[in-house]
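Here's the structure we're looking at; comments come further down.
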Amino acid sequence: MSTKPSSSAAEKKPTEFEGIAAQFAAAKRAQQEQLTAGRSRDEKVKRRNRIAAAEFKYTHGLLIALLLAFFYLHAVGIFLFTKGFLLTRTVLTNKSTCELSPLEEYGESPIKDRYNGCWHPKTFDKAVVVIIDALRYDFTVPFTPTEDSPAQPYHNAFRTPYQVASEQPSNAVLFPFIADPPTTTLQRLKGLTTGTLPTFIDAGSNFAGTAIDEDNIISQLKTLGKRMAFMGDDTWMALFPDIFEKTMEHPYESLNVWDLHTVDNGVNEHIFPLLHPSNQTRWDVLFAHYLGVDHAGHRFGPDHFAMTEKLEQMDAVVQRLMESIDHKTLLVVMGDHGMDPKGDHGGESQGEVEAAIWMYSKTPVFGQLPPELLPTNGGRREIPQIDLVPTLSLLLGIPIPFNNLGSPIPETFLGAGGDEGLRNLAQVSRLTAAQIKRYQHVYSGAGEGDVEHETAVSKLWETGQAKWKSMHQLWKGAKQADWLETIQVFTAFQRETLRICKNLWAKFDLISMFAGIVVLVCSVGSLLVYARAFMGDRMELQDTILTRVRNGLVVGTVCSLPISTMAGKYTEVPKLHFLLFGTAMGVIGGFVSASYYARRRVQSVLPNDCWGALSLIITALYSGMFGSNSFTIWEDKTLTYFISSFAVFGFVGSLRNKDRTARTLGTYHSIMLLILTRLASLSRLCREEQMPYCKSTFYASESSSVSAPWALGLLFLLALVLPSIIKSFYTGTKSYEGPAQIYIGWAFRIGLFLNALYWTLDSADNASWFSSDKHEFVKASKTMIAQIVLAVAFVAGNVGFGWSSLCLNVEIRKKDTLKKEEKSPTVTSSSNNTVILLGYANVHGSRFFLLVLTWGLGLILLQKPLGGVSLGILLWQILTVLEIIDVNDLSSSSIGPVVLALLGNSHFFSTGHQAALSSIQWESAFIPLQSIRYPWSPLLVVGNTLGAQILAAIAVPLVALWKAPPKSPLLTEERTFGKVAKAAATYMLFQATIGTASVICAGWLRRHLMLYRIFSPRFMLGAVTLLVGELMVILVGVGAVRWNMGAVGEVFGYI
């Protein structure tokens, strides 16, 4: 019987393999969909990161541009004030001529025989003028040592001038030769050849001399056809180009203060062959400028055996010169300035302005001054340096330069004495006074001040003329008292004219000064609003602010152009000043407009916590102290108190922290900051005004420019200890990974060791530890070591920073080995392994500090040994301040940037500097070089002088970056980069406030007795510190943040 097949049996059941395949396909499809979705999310994240990175770079560029706008305002304000404050003297280009004597307009007949002298019969046919740079007067006089006052190396080494002047008073005279400050060589040469006075700002041109365009004794000799030879300091070539005979012109580089012998030996090589009788007809006047004494002072100070050697060498030179000249040749040996106890010069201390002058002739032509003409107080005779010009001119029979304000040195015209000598002195005194009278007339006619009609001056001239007329009637029957009275009147006329001219040239351009102050004050107000008044993230306002600032700049420029043209017709203020003022006010107006636009985000600038109040109090006290010369003199001590006050506040604030670890860390670093501040203050270089309440420790002694041997030991200790100390700050956040190990453990440590080695070799060279045949090898070795260190620091270090990775590392541990207090981010896998990210807690700060470290290494090399130790302490102090800021949550407070600025200014003093020109360590220009090279040599001096401020400025962004999270939460009120901008602007605000205060005080105290000794140098220091510090914080500090945050963004993302 047949049956039908069932329908279920007709359907074929899938095999087991097919079922598995279907499940695999479904899973594959799900996986593919998941991968596609993941790729889509990843692409979105990458795209958002690219957009965020571009936005960051754009915002960073806007911030740099805005901060540079504030820098422009400060530069303009300082420029305008400086142009009104540090005036240059108006130079008259009139020339005296042999044909027109100043006495001819008073009825005197000219000399008929020009060969015997233009205005007055000459005494000598030839002259040998020798300048021994920095020849201080006490180097030339005998010294009798006592138990309380032992002889110094510079005593009794230069005996000949005093001995000859004492034994042969008719053949030689020796006087203190008083220079007019500033006591820099170039300005002294101008005074010694023109008979005029320099102005304070002229000191800045000591390395950029230009040809003298006013009448001078050198050009007068050239005009009369005299043949002149020169050898020595090449500064003369800049002042007198194409004057000397080319075959007898031998200049030598003058600024290498480490070279004591090349110039002096070169001068000796050329001068004595010219003095040989066979060459006497080749020249009429010979100029020689020795530099060894000056260089010995700069390098070692006067209290060093090298000074003894140079003075003994000069003594031998003088003896040989005496033997070489004939009876019709005048020998003049003089210093252009002196030196202070450390061997430096530039200011107006007694030692710096008191040089020596010695004049010698084989023919007895010098006379003794009558008692009536001697100082009434019984003191010694002192000769102003400008008196050399009329004296030398009349002795050689050439016209007195037109702008001369000096008077003849009486002893050189008295001869054998008696009535004849007094008559001769009266004649030359009247002749010189007549030339000064002619200068008065022309100067007053030029509208530069009515000197001619000053009551005292006019009365003295009229009295002198009346006395001369009565004397002329008697002439041979005149009494000695009459001649003396005539001499006294004309000398008084000259001195009174000189006094009036000094006051006249101290006049100020009040319009330019006021304009500069206005710009500075307004810029400080604008910067205050930007740094402390804007609420929220100020990065959101960058575009708006900069756009309006740019528009303001355009409007200010357009408006100021016609105003400057019109105002130039009615005022003497240059058009450039009006233009700069207009552009500056336009920029300020643009910022004010932007602030008004964002007025709802502007809050009060007054502090709302104790830290802000401390910043305000410190700033106010610091600014106000420039109104007092005493506080300005003791600025170094004041800064120590300010920093210590912050440390005390940090200690108290840390004690209030609830977290035990943070409390311990904060109190420890506060105590360390106190100790380090005290240690740094032990390194000091006292200024003259601080004596006797201050004792210098920076050099081996008060009268030395050489570091003590124990300072070298400190440098080696620094190389051993400092890298380990810095490492401890990194290990606290497990950041001593990756590039940190290379920078800190290797490059920095080796660099510090090479630095110590360099200064050891320098000391060995100074103290002649090696034989003379090894001198060149030691010198070359020093230079090579310095170049290696600077290349590592400023080239390799900066390039490496731009490309280096983060200070991070990944560590895999078993889960059960983790410590409970482990704070680094962790990821645990199914295999019970945990991945730990080391260095995450300080990913921004650990990398950025490597930049500070590289600059610190280079700047340490540029300091003297104790200065290098001071900068090492500064690096340690910066880290302690950052820890105190982190513990007390002060990354947005103003106190961080303010304290860093205080540290920079404080270590300016502990690195052997003062607010005085004489404290500039010019020899630092030759640390990696053997000769002057532009622009490197000036930059090296800047690095030495402002090294501490530069280091502090570069570290400013760390206030916001130290222990900051890799990415700021989206809802955070102010992101990390915004805090960086706030910190940089606050630092600039503090330095601008201090700089503006010094400007205002210098302007207000412009008639103060100590203006050019205290207030002017401090104003210039404040101006330079402000501009250099701002450039460093903008271009290096904030500029490097782009690479730092970019490196973090590449790893953790920008969003």
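Glycine residues also receive a Cβ, built from the backbone N, Cα and C atoms like all the rest.
Where the annotation comes from TrEMBL, it is an automatic prediction and has not been curated.
Residues 512-513, 515-520, 522-523, 526-527, 530, 539, 542-543, 545-546, 549, 577, 580-581, 583-584, 587-588, 591, 977, 981, 984-985, 988, 992, 995-996, 999, 1003, 1023, 1026-1027, 1030-1031, 1033-1035, 1038-1039, 1041-1042 of the same chain lie 6+ residues outside the transmembrane segment (58-81) yet bring a C-beta within less than 8 angstroms of a C-beta in it. Taken from TrEMBL, the feature transmembrane segment applies to 58-81 (among others).
According to TrEMBL, the feature transmembrane segment maps to 510-531 (among others).
Marked as transmembrane segment by TrEMBL: 552-570 (among others). Residues of the same chain lying 6 or more positions beyond the ends of the transmembrane segment (552-570) and with a Cβ under 8 Å from any Cβ of it are 576-579, 581-591, 593.
The transmembrane segment feature in TrEMBL is assigned to 576-598 (among others).
Among the features that TrEMBL reports, transmembrane segment is placed at 610-627 (among others). Within the chain carrying the transmembrane segment (610-627), a Cβ under 8 angstroms from the stretch's Cβ atoms is held by residues 635, 638, 642, 645-646, 649, 653, 888, 890, 893-895, 898, 902, 990, 993-994, 996-998, 1001-1002, 1004-1005, 1015, 1018, all 6 or more beyond its ends.
Annotation source TrEMBL lists transmembrane segment at 639-655 (among others). For the transmembrane segment (639-655), the list of distant contacts is 610-611, 614, 618, 621-622, 662-663, 665-667, 669-671, 673-674, 677-678, 681, 881, 884, 887-888, 895, 899, 902-903, 905-906, 909: same-chain residues at least six beyond its ends, Cβ to Cβ under 8 Å.
Sequence-distant contacts of the transmembrane segment (710-730), counting only residues of its own chain at least 6 positions beyond either end whose CB sits under 8 Å from a CB of the stretch, comprise 736, 740, 744-745, 748-749, 752-753, 755-756, 759-760, 763, 807, 842, 846, 853, 864-866, 868-869, 872, 875-876, 879, 883. Taken from TrEMBL, the feature transmembrane segment applies to 710-730 (among others).
Below 8 angstroms of C-beta separation, residues 707, 712, 715-716, 718-719, 722-723, 726-727, 730, 736, 778, 781-782, 785-786, 788-789, 792-793, 796-797, 800, 850, 853-854, 857, 860-861, 864-865, 868, 872, 927 of the same chain, each at least six residues beyond the ends of the transmembrane segment (742-761), sit close to that stretch. Here TrEMBL flags 742-761 (among others) as transmembrane segment.
The transmembrane segment feature in TrEMBL is assigned to 784-810 (among others). Residues of the same chain lying 6 or more positions beyond the ends of the transmembrane segment (784-810) and with a Cβ under 8 Å from any Cβ of it are 730, 735-740, 743, 747, 751, 754-755, 757-758, 761, 835-840, 842-843, 846-847, 850-851, 853-855, 857-858, 861, 927-928, 1040, 1043, 1047-1048, 1051.
For 881-1046, the entry in TrEMBL reads domain 'GPI ethanolamine phosphate transferase 2 C-terminal'.
Counting only same-chain residues 6+ beyond the ends of the transmembrane segment (939-964), those with a CB under 8 A from a CB of the stretch are 733, 841-842, 844-845, 848-849, 851-852, 855-856, 858-860, 862-863, 867, 870-871, 874-875, 878, 882-883, 885-886, 890-892, 896-897, 900-901, 903-908, 910-911, 913, 920-922, 924-925, 927-929, 976, 979-980, 982-984, 987, 1024-1025, 1028-1030, 1032-1033, 1036-1038, 1040-1041, 1044. If you look up TrEMBL, you'll see 939-964 (among others) marked as transmembrane segment.
Look at TrEMBL and you will find 984-1005 (among others) tagged as transmembrane segment. Listed by sequence, the residues of this chain that lie at least six past the ends of the transmembrane segment (984-1005) yet keep a Cβ under 8 A from its Cβ atoms are 67, 70-71, 74, 77-78, 81, 85, 508, 513, 516-517, 520-521, 523-524, 527-528, 530-532, 615, 619, 622-624, 626-627, 894, 896-898, 900-901, 905, 953, 956-957, 1011, 1015-1016, 1018-1019, 1021-1023, 1025-1026, 1029-1030, 1033-1034, 1037-1038.
The transmembrane segment annotation in TrEMBL covers 1017-1041 (among others).
For the transmembrane segment (510-531), the list of distant contacts is 66, 70, 73-74, 76-85, 538, 545, 571, 573, 577, 581, 584-585, 588, 591-592, 595, 602, 605, 894, 982, 985-986, 988-989, 992-993, 995-996, 999-1000, 1003: same-chain residues at least six beyond its ends, Cβ to Cβ under 8 Å.
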